Structure formats: structure tokens, C-alpha cells
Amino acid sequence: MSSQNPFLLDFWCALPPSSLWSSPQHHKMSLSAAELEELWEDLGELNVSDSFSNISRVDVMVCTTAFNRTALLYSMCVLYTFIFVIGLAANGLVLWVNIRAQRDSTPRHETHMYIAHLAVADLCVCVTLPVWVSSLAQHGHWPFGEVACKLTHLLFSVNLFGSIFFLACMSVDRYLSVTQHREEGGARRKLIRRAACFGVWLLALVASSPETYFLRAVKSVHGDTMVCRPEYPEENHREWMVGVQLSFILLGFVLPFPVIAVFYALLARAFSRSSSSSSSSSSSHLEQERRVSRRVILAYIVIFLACWGPYHAALLVDALSQLGLVPLTCGLENVLYVALHLTQCLSLLHCCFNPILYNFINRNYRYDLMKAFIFKYSTRTGLARLIETNNMSETEYSAVENPPLI
């Protein structure tokens, strides 16, 4: 007597750069009961000999891939390489300039503390990308061992959380610096910033620890490759997986984005109020500067939302489908697989945007950059050459614009 029973086999494929971004990939196949038994034994997940003793054939409906997986993975390799090169160069330059700026004793450089930590976090995220690219190029194969699996993920995850948390801290700090700059001394504010930086790194480490603990370098379902992925307890595997996804959504977007949006909106409002109360003699110039500041503030909010919103939306749909709250059809499965790859790549572009938004469009940073390196025209050779400015003369130094007052 034959019986038809549907089964959905979840083949978990860890997607670089983080095993947080894992989604099931399905194929359609038809297996006999004996073949299905052998598959379960190979997976080492359960013994189905009793379950299938009275049936002769089982149809396992697993979704076919509706896209070119190889082309997608190689495209991701190219995009991650681009992010690595740009992010490494931009954040390395930001960090170097900010370290040099610390030699200046003026108070404005105290605000660079968050910038420096943000650059370190983004730099460390970018440093891990070649490892994930190598794994992607080998279709998810992880040849580096379990220790490297844990350490690479921990480095990536801690700094990714740290980058997001520092952006939230900067939004609060900038608002307080404008509205309460007379109420606190520089020493106290500097101490608060240091404590906040320590708290951010500690929170990022705590947020990254649970999944890192469960990470293992294990054989793939086909047994021919090794993959770096979390191995949660079998009795509540799905609950752990969904819990990690939801915690990432909560800590990576639901909590920090409102903080960033609200405090930057309050900062823009403070600029508008101060503009209306300024004297008429200088109101035109100040209004122009504050208009630019409001546009920059809007860019902070929009770019964070554009980079991180799509990924967390895809991750939320994936989590809801795991809980059965969203029907997981073959079409949705294919869309999620592609969406998680593309949106995670979009989210990592934030490591390239941060140096531009928080440094290169800032006049103080451009001033520090020009102090570090300045193009000097040589009348003897007729060529522009890059020179160090440590021992510049007053004439050479006059080529640098005067720093704006804060």
C-alpha cells in the first residue's frame, strides 16, 4: 500500500559574512522510503526506520532554485571585494587623521573620540571580508577550521554591532553638545564619552557571544564540504535560530534607528530655532550653514535607513516564516535567499558611507586632512607634490583654510 506524505527538508546554507544571515535553500526531489532513511542517517539528525516501515514511497517536495546560484555568489564576491577595498582605505585614512588630530589640544578634537572608534569598528568589519569572500568563492566551503570560524565571526559581529551603537551614541552626543554645551565642562564630557565607548564595546561583545558560542565547523548536508554555522541544541533548534535573528533585529535596528532619527531630528530643530533668533547681520550666512547642516542630518537618517532597513525587513520575514506566521512558499523561499544576500551586501556599504558622512563632508576633518597632507605647487618642477605638513612654514600653512569655530 502506497502513501503520499509531504516533507520539507531544510538545507541550511551559511551565508557570508555572518552565520546570522542563514536561510534555507530547497530543491524539488522524489525519494523512496529507503532513500529518505539513508539521507536522514547521513544528516545524523534522526532515525526514521520506524516512521517509514509501513510505507513504500515518500514524495519529498523541496523547492527548486529559481535563480543562478553560482552567478549570485560570484557577484557577492565582487561586491564584498569592492566594499573591502573602499572601506579599508577610507576608514584607515579617517583613523590615521584622527590619531594625528589628537595632538591638537583644542576642545573640538574631543568630539572625534566616537569617530575614531567608529572607524576602528568599520575597519575591522572590512578586514574580515576577504575570509568570507574566500568561502563564498568555494560555494560556502570553510577550510579554515573551527577556531577561525569562531574568531572571524566574533570579530565581524562585535564590530558590526559596535559600528551601529557608535552611530547612535554620536547622535545623542551631538544633540547634547549643541543644546547643553554650557552646562558641562570639557573634562566631564570627555569622561562620559570614554565610559560610553567602553559600554558600547561591552554591549557589542555580549550581543555577539551567544551565536559565537554555538558556531561549529561541520560537514555540509552532502558531506563533501565544511561549513561554518551555528549548531543549536536539537530539542529547540528553531527557537534558538529565530531568537538570534530577532535579537539581531532588535539590537541592530529597532533600538538604534529611533535613537538616531529622534536625536538628529531634535538637532535639526535646534538649528532652526537658533536660526530664527540670530541677528540680522549674520543671519544670512548662519542660515546657509544651518541649511547645509540640516541636509547632512537628513542624510545621516536616510542612509542608515536605506542601508539597514531592507536587510532587517528580509530577516524579519525569514524569522516570521520560521515561526509559521508567514506561509513559506517556494516563491518566497527563493526571494528570501536572494534578498538576504543582496541586502546584507547593501548593509555593509554603510562601512563605506560612514567615513564620507561623518568625516569627509565635515570642514574640521578636511582641515585636519589638509594639515596632515597638503598639495604644494612646485614652481621649479611645475608639478604638484604631496608633502608632510609637520614643519610647514607660515606661507605654506596659509594654503590651508582656517578651521571653523564650533
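Each Cβ is built from the backbone N, Cα and C atoms, and glycine gets one as well.
Here is what TrEMBL says about this protein:
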type     : residues : note
DOMAIN   : 90-358   : domain 'G-protein coupled receptors family 1 profile'
TRANSMEM : 71-99    : transmembrane segment
TRANSMEM : 111-133  : transmembrane segment
TRANSMEM : 153-170  : transmembrane segment
TRANSMEM : 191-209  : transmembrane segment
TRANSMEM : 246-267  : transmembrane segment
TRANSMEM : 296-315  : transmembrane segment
TRANSMEM : 335-361  : transmembrane segment
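Beyond the transmembrane segment (335-361), the same-chain residues lying 6 or more positions past its ends with a Cβ under 8 Å from any Cβ of the stretch are 15, 17-18, 21, 23-25, 65, 67, 72, 76, 79-80, 83, 86-87, 90-91, 93-94, 97, 115, 118-119, 122, 125-126, 129, 163, 167, 170, 296, 299-300, 303-304, 306-308, 310-311, 313-315, 317-318, 321. Long-range neighbours of the transmembrane segment (71-99) within the same chain, counting only residues 6 or more positions beyond its ends whose Cβ lies under 8 Å from a Cβ of the stretch, are 16-17, 112, 115-116, 119-120, 122-123, 125-127, 129-130, 132-133, 136-137, 139, 338, 341, 345, 348-349, 351-352, 354-356, 359, 365, 368-369, 372. Confidence across the domain 'G-protein coupled receptors family 1 profile' (90-358), taken as the mean pLDDT and rounded to a whole number, stands at 86. Ranking 111-133, 191-209, 246-267 by CB pairs under 8 A with the transmembrane segment (296-315) puts 246-267 at the top. Long-range Cβ contacts of the transmembrane segment (246-267) within its own chain (Cβ-Cβ under 8 Å, at least 6 residues beyond either end) map to 20, 160-161, 164-165, 167-168, 171-172, 174-175, 178-179, 207, 210, 297, 300-301, 304-305, 308-309, 312, 315-316, 319.
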